[in-house]
Amino acid sequence: MDTSSVGTLELTDQTPVLLGSTAMATSLTNVGNSFSGPPNPLVSRSSKFQNSSVEDDDDVVFIEPVQPPPSSAPLVADQRPITFTSSKNEELQGNDPKILPSSKELAPQKGSVSETIVIDDEEDMETNQGQEKSSSNFIERRPSETKNRTNDVDFSSSTFSRSKVNAGVSNSGITTEPDSEIQIANVTTLETGVSSVSDGQLESTDGRDMNLMITHVTSLHNTSLGDGSNGLQSSNFGVNIQTYTPSLTSQTKAGVGPFNPGRMNVAGDVFQNGESAPHHNPDSWISQSASFPRNQKQQGVDSLSPVASLPKQIFQPSNQQPTKPVKVTCANCKKPLQKGQTAYQRKGSAHLFCSTTCLSSFSHKPAPKKLCVMCKKDITTMKGTIVAQVDSSESFQEFCSTSCLSLYEDKQSPAKGALNKSRCTICGKLTEIRHEVSFKNMTHKLCSDHCFNRYRMANGLIMNCCEQCGEYLPSKGAGNNVLVVDGQQKRFCCQSCVTEYKQVGSHPSFLKEVRDHMQDSFLMQPEKYGKLTTCTGCRTQCRFFDMTQCIGPNGYMEPYCSTACMNSHKTKYAKSQSLGIICHFCKRNSLPQYQATMPDGKLYNFCNSSCVAKFQALSMQSSPNGQFVAPSDIQLKCNYCKNSFCSKPEILEWENKVHQFCSKTCSDDYKKLHCIVTYCEYCQEEKTLHETVNFSGVKRPFCSEGCKLLYKQDFARRLGLRCVTCNYCSQLCKKGATKELDGVVRDFCSEDCCKKFQEWYYKAARCDCCKSQGTLKERVQWRGEMKHFCDQHCLLRFYCQQNEPNMTTQKGPENLHYDQGCQTSRTKMTGSAPPPSPTPNKEMKNKAILCKPLTMTKATYCKPHMQTKSCQTDENWKTEYVPVPIPVPVYVPVPMHMYSQNIPVPTTVPVPVPVPVFLPAPLDSSEKIPATVEDLKSKVSSDPLDSELLTMTDMMTEEEGKAEASNINSVIIETDIIGSDLTKNSDPDIQSNMPDVPYEPDLDIEIDFPRAAEELDMENEFLLPPVFGEEYEEQPRPRSKKKGTKRKAVSGYQSHDDSSDNSECSFPFKYTYGVNAWKHWVKTRQLDEDLLVLDELKSSKSVKLKEDLLSHTTAELNYGLAHFVNEIRRPNGENYAPDSIYYLCLGIQEYLCGSNRKDNIFIDPGYQMFEQELNKILRSWQPSILPDGSIFSRVEEDYLWRIKQLGSHSPVALLNTLFYFNTKYFGLKTVEQHLRLSFGTVFRHWKKNPLTMENKACLRYQVSSLCGTDNEDKIATGKRKHEDDEPVFEQVENTANPSRCPVKMFECYLSKSPQNLNQRMDVFYLQPECSSSTDSPVWYTSTSLDRNTLENMLVRVLLVKDIYDKDNYELDEDTD
């Protein structure tokens, strides 16, 4: 964190008394420059801080005793003084005997010490300024202790009453009593855009919040001082604080969040923060921004604390106000700030901190979430919320929708009247009922959620509702969030509800509430919960409190000792009850007491007389003209209460679905439960849907019957005499057709309705269920169409078809003849009575009650007698194969394949047969054959790798035809060349895209590009790694020039004079040097015939390496390169330098890549032997300093990009790239420095170019964390702002070439690393995944690279010349 934003505050033992609270101390910290006068450098400091310059803009506040003038200043006669009065007197903390005197006692006292708060005005200034500066804000005075000019404002404690707000107070001047006043040196408003005060008026800013505003100032000294430079007369000022109830938006959480209290002047006008309004009264106000809980007051705190409410001012005489001690604590760690301790403060914040650690780690709490009062949903970011005042109370509640508001009002409405108390089914308490459950045609009343959950668990009921917010889950798949609590599965609508349920369930208050509920239930009915009760299942005596309740078959609650006992008893009872008889009305399994025979021959059973009476009443209501009609067997299911019924249903059409209900009550409850809300057509309010009526073919929704009637009146008034009611579809519409039938004129909405009505009237219309013609008694409106049915039976069948289509009920015109015949016969039998169902009459039989025939099933068990008897086919039933060798070709007669005949089956078995082959040889070489054989045997090496390679080479040698050679020695020497040609000719897959390099024996890279500083002494050389060498800064060197054109490779030797002229030229990268060096090394090994002197050379020659690099396998190339880096010599026989060997290996790698060879000799695990040998050689490299001060090396950065050693195409290449950039730009040239690097210390930063004003991203790293204790060796490789600042290393974004941008590489590295490692402070370089591919989302593991691997990487990076050029460039730039 930038230190410029941190202020300090030094506290004394009187600080709590002076400040009154933390808010008073902190709210004055950022005060100053609010009025248009120039900033005054008026800072009072202790003697040790005098004559010290302040370069930053920190808010530094010191509190110390200041000797006031000997006499108090008189008041101006024409000014109105206003004093700041607290509601309670404050007491000194501890054993301090000083008591705050009253204002009357303060007036005559002189010579005492007063406390002064000096606040920095947030401007860069010198404390020893001595020139006079005019101040228009406050009266100046010069204390004797300091030379600085200090402005003081008096907040004196005096007698103040509501009736004397506008009256002047004669004794409100500066007092001389200790601890009696707070004096402010300079005041600055917290708003940057506040206009200045002129002519005694303060202009409030529009749309902005100001934490402190001062509109009128009265002089604290005598009138001889005169007015300010801007014409504003200095005046006394004070505070008139009024309590204000915050708005609903600010009341999100008690005591948390910003709150701007209202501002009121003396005249009573209220101003909110940010509103623009003139001040009509010269008496002004001060408003302080703080957080206040709504309708709450914190006990014991009456100061202007940001966490306490503003109490109403009770103005009492100061002699009755005791002083109250207040502690100032750290806002982060809550530790009290001691006397003399330095406090830190952030600009614009009222919080104090004990240290910079607490200041940086402190963060404001997030804005609290707003929840819907009804469903508890998070509505913090939801738009369109509803704020309503419920139950005529002063509090406002916030809801997510109108449905929640309606449900909340319905929930609160029973509380207005008398409580409907009933006895709970579970606990038996006579209390208010919260739940009613209809189960098995009985309503069970439950008093609480606990009893409701126990009821659900006992009866196995599952509710599709969220356990937290109660939201309806339409299906089981909707509640995928399941939480198992105490063996029970609780379903939730979303993961946030699961989290809230866990937090509420784990809260101690929740657990205490459950325990208190259980304890209260036990205490209220001890005789019930303490007695022993017999379990219904196992008949065991248990306490009633531990019993599990369940509804039995008789509809009453039965106790069980456990859930297992309850389930076993239900299973047993279900088996015995399966043969029982079900009551036709209440559907209970009980012994029938009454039977009724219907006219159609059906017999119904009833359990008691009440069921018979209810059944008769229901049947008579549905019978036309009082005639009894037998109820139908078709049962509909109510969509709300889930009960079965056989009467005409109530229909609700909503969202292209038709819902059926058994009654109007269920329909209304369903609408409320599922929030079926729409805009009423009449009142234009969003309310629960009552009914939808068609008007002129358009559906109009209404919220009540009254709105529907009123809309009908308005509709009829608009149409006048043309408004009619259609006799067919019953809608109110404009007259469309008229028809006279039997002398009655009927009106219709259209010709179609008129035609359909005539068909119905003349009985020509068909039933929409059974498709039969005749009298259609029932009609309903289904999906906007009128449906007619024969009777209620067809109506119920039609509704069943809509729920579960049954093809047997779909009768088409093909049954017309049968239907007419049935109809005719029924008409003759019953006369004018309506025809019953077309189902045939059922055969009637007598039934005996309580008589059950005893039946027994007798079966004959026939067991066959088994006997085993051998036969011909039983023996040797498995086929046995016998090999019979038969020479081929030969004819083998095969008999006919019978079931008992074995036949031979030919099988081919290859057998190797040694065949001697004789090769001709010249007569002159026959004597050398034994010696050659012995020589070949001696070539066998003890090294397993050499033996394997020798075997492979011998196999290739046999294919090349060594017998055609003139002698054995020439065969051994020329085998490599012949094998290379054969391999290139026989393998068409390996096609070189790069031209072959001709062999040049005198080509030498160190001659073509010599080191220009070889004549320098060894003292100019230094050992690597040079960790921040200070010797570079002590001797400034000229800036390195731009690299010139690259010179071409030439043959032969050149003198050092010629090479020194071109020492600054960059070396061209040509792979021909590496390939030519390989060929030179292979030919040298082949021509060396002294095999007995060098054992290692003899073993290598047995591998028979070839000049063509592409003809070797990975193992051969690994072995050859390992020996190549150790044995390669210049054409003159001298050793190559380590950087030259690295250059040659890079050329070999480029040749392999250009020839479509995917091997990477520096990264692949197959070249581990070569990498170890190369690292040993590179460790001995010691760079030399050229005369121009640059470092000499033949390896450059561009070479590594060309051969893909750097880049983001693979995990290892990306890791090498980051390692190279950190070494180049951060100056990390030791392994210890790289190990100090971590994800937490490298961060992205935006840097602005002061010339082009262009922002560029960069990676920043602090030198102090990098160097540790190596301060004496550090150099500023990063840019510094000041010499005394710590240097900062940066890797600036490369916009010219994004593929080589350090910032892009770092972002790619973060994206391919595990996410949980981004802020770790102990790791930066991660181990690559062994099985990861380039398409994998994660390339690295959470394990850091070992030290050995980092050392090998550092050895290669330090040979690159560009890392030293980068250092020299930045050094020269800093010296400019």
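Just so it is clear, glycine is given a Cβ too, placed from its N, Cα and C backbone atoms.
When you go through Ser34, Ser53, Ser276, Ser1063 in Swiss-Prot, the residue listed as phosphoserine is Ser1063.
Per Swiss-Prot, the range carrying the annotation zinc finger out of 532-569, 570-607, 1064-1101 is 532-569.
Residues 420-455 are the range that Swiss-Prot records as zinc finger, among 420-455, 1176-1211, 1284-1319. Checking Swiss-Prot for region 'Disordered' across the ranges 197-232, 269-304 points to 269-304.
Region 'Disordered' is the annotation Swiss-Prot gives to one range among 30-56, 813-839, and that range is 30-56. Listed ranges 326-362, 1103-1139, 1214-1250, 1325-1361; the one Swiss-Prot annotates as zinc finger is 326-362. You'll find the Cα of Lys687 (SUMO2 cross-link) roughly 32 Å from the Cα of Lys490 (SUMO2 cross-link). Non-local neighbourhood of Lys490 (SUMO2 cross-link): Glu467, Val482, Leu483, Val484, Tyr501, each in the same chain, at least six residues away, with C-beta under 8 Å from its C-beta.
Helix first, then strand, then coil: DSSP counts for the zinc finger (635-670) stand at 7 helix, 14 strand, 15 coil. Among the listed recorded sites, namely Lys440, Lys657, Lys687, Lys699, the Cβ with the most fellow Cβ atoms inside 10 Å is that of Lys687. Of the recorded residues, Lys657 (SUMO2 cross-link) and Lys440 (SUMO2 cross-link) place their C-alpha atoms 27 Å from one another. Here the CA atom of Lys699 (SUMO2 cross-link) lies 38 Å from the CA atom of Lys440 (SUMO2 cross-link). 763-798 is the stretch from 368-408, 532-569, 722-757, 763-798 with the greatest number of Cβ pairs below 8 Å to the zinc finger (635-670). Look at the zinc finger (532-569): DSSP puts its residues at 10 helix, 14 strand, 14 coil. Residues 425-426, 439-442, 444, 454-455, 457-459, 522, 577, 588-590 of the same chain, all 6+ positions outside the zinc finger (532-569), place their C-beta atoms under 8 angstroms from a C-beta of that stretch. Under the three-state DSSP scheme, Lys440 (SUMO2 cross-link) falls in the coil class. Computed over the zinc finger (635-670), the whole-number mean pLDDT of the model equals 86.
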